[in-house]
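Reviewing the structure listed below.
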Amino acid sequence: MNHIQEAFLNTLKVERNFSEHTLKSYQDDLIQFNQFLEQEHLQLNTFEYRDARNYLSYLYSNHLKRTSVSRKISTLRTFYEYWMTLDENIINPFVQLVHPKKEKYLPQFFYEEEMEALFKTVEEDTSKSLRDRVILELLYATGIRVSELVNIKKQDIDFYANGVTVLGKGSKERFVPFGAYCRQSIENYLEHFKPIQSCNHDFLIVNMKGEAITERGVRYVLNDIVKRTAGVSEIHPHKLRHTFATHLLNQGADLRTVQSLLGHVNLSTTGKYTHVSNQQLRKVYLNAHPRAKKENET
């Protein structure tokens, strides 16, 4: 990558507080774009709208999903917007390119029984289970992003208000409450997990060496929990975030409150969680609709 692209990624990291995972995606998108430029003998600063359309066709020819293509085009549009702020002679070739429509997927979430099974897996009275349980509790109890989790400091935990202050996207702070189970797991972890007691930093979640845990480390922990849990086949941090939102809405929480807890800027982003479970929809329907049941049915 050239120095402009490197400066762009650094701006996303420092000024916009992008996570490691998101930055890696942006970097991969730029590398793939550079490979296309080299293959077609094109220059970054003379790239035109016609070339952008050809690049769109090139991406589709690689049998990528529309969501992936959409993200890659968005990355390049954002990159050129950044470059334009540095050089008035640069034109954004992607600004008029029609965004491919995204496939709509319902967010995946865990049922309450599945969450109970996951928590039972980390009930063992071991040092590692103390740490693993606090990760699981915080992600499910608060719905925070994994990038927010790994940056929590000990002083961000408020045991008086029973909640945590996190730094979200765009460096925006928000306070998210947690319940009694989460509080207890944090207290047990701080009191009995030896690596956290001997470290020389303030990060809350650490690995077995006492070092601040990484996003990759959190994913490893969650995958390890799943391997030891019968009846649960897949997990990722965002699935726990989906579960948090879905369970709140299923129990009657209003959309605006969930939006605030998740740290979403737009209500439409939170709206995808109103799918609730099919089982919950049918339960509400049967109880609410006058002609949902015949008189002799229960």
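Just so you know, glycine gets a Cβ as well, placed from its N, Cα and C.
Taken from Swiss-Prot as is:
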DOMAIN    1-84  domain 'Core-binding (CB)'
DOMAIN    105-286  domain 'Tyr recombinase'
ACT_SITE  Arg145  active site
ACT_SITE  Lys169  active site
ACT_SITE  His238  active site
ACT_SITE  Arg241  active site
ACT_SITE  His264  active site
ACT_SITE  Tyr273  active site, O-(3'-phospho-DNA)-tyrosine intermediate
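DSSP gives His264 (active site) a coil state; it is part of no helix or strand. Cβ neighbour density within 10 Å is lowest for His264 among the active-site residues Arg241, His264. In the three-state DSSP reading, Arg145 (active site) counts as coil. Its Cβ taken as reference, His238 (active site) is surrounded by 15 other Cβ atoms within 10 Å in the chains shown. In terms of DSSP secondary structure, the domain 'Core-binding (CB)' (1-84) contains 68 helix, 0 strand, 16 coil. According to its DSSP assignment, Lys169 (active site) is helical. Secondary structure at Arg241 (active site), as computed by DSSP, is helix.
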